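Right, one structure below, let's go through it.
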Ligand SMILES: *[C@@H]1O[C@H](CO)[C@@H](O)[C@H](O)[C@H]1NC(C)=O
Ligand SMILES: *[C@@H]1O[C@H](CO)[C@@H](O)[C@H](O)[C@H]1NC(C)=O
Ligand SMILES: *[C@@H]1O[C@H](CO)[C@@H](O)[C@H](O)[C@H]1NC(C)=O
């Protein structure tokens, strides 16, 4: 028994458990359970090692999962933001749409340039571009002046001069979605000029359109072709011999400048002072002189017209440009060398969505 016990203790020692060699039987018997304990501890250490590795793997995959969850969550938020923005946009364009019922007192922003000219800001509703573009004169001009803001324009500071590759005719230009659209001098060609690169992106004749003072507005000035933008896109107002001088309204493709659809308003272009478009309705003034009012309205939605009587104060008595900017929601005019804004009043018809609509 002792021999066996001794062998046991030695074996225990070889397991590096500090123990005094003793032949004391009771001591050896006390030590006996330690062997099992050490064995169990060893197994436990092994298991702990495995557990640690397992935890490490879990931690790693948790981190990956966390990343994935965050990305997924972010995408969901983005999606919701996108939907909200669409709602907001459709709400604001519905709010911006309505029938013109009044034009406020004029606000003179600046007095500069010659009697006739054009000044504009980007009309695209989504645009954040607040630069002001000025084209003084109506005959063969090439000088396009860029101001950084309305404030800079008002004080005549901070401007850059661009030279257009083709001269313009009239004052019916429009700035829309980063491009200037204008009528090329002595032709019915429309030019799309990129305001960023300074290159001509497109040129296309407006089929049948009169030019060179054939069908100008009442003030003359080669204002045969009037380009404009409303909430829904780009348009041209002009006339043709085939239509007996009636004012025609065409929807244009903003890239190709192709005519998408046309309406004959029945109103004589030469009798009109100016025209501007709000939500697909064309408003026509009866004169460019004092006493002018919005006299005729053509609705493209119903292809119908009505005579109206919306007065406004023609402070400087010679309007050579009048355009509505749907983003700023104001009328821009060039009146005898003064650049003037008018606020407008629209009568809204807000369509409410059907209750179970998901959009
Ligand atoms: C778990 O993973 C994270 C991120 O990868 C790390 O910061 C952290 O130290 C890890 N924890 C353990 C216990 O390994
Ligand atoms: C405005 O221009 C951008 C890029 O040039 C184009 O992607 C977008 O469709 C344009 N928007 C409209 C309404 O034409
Ligand atoms: C435009 O009108 C001017 C002056 O009236 C004339 O000299 C010129 O030939 C006309 N140009 C075209 C292309 O009709």
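Cβ atoms are placed via backbone N, Cα and C, with glycine included.
The range from 41-68, 69-96 that TrEMBL describes as coiled coil is residues 41-68. Annotation note: residue 97 (disulfide bond) sits in a coil segment as assigned by DSSP.
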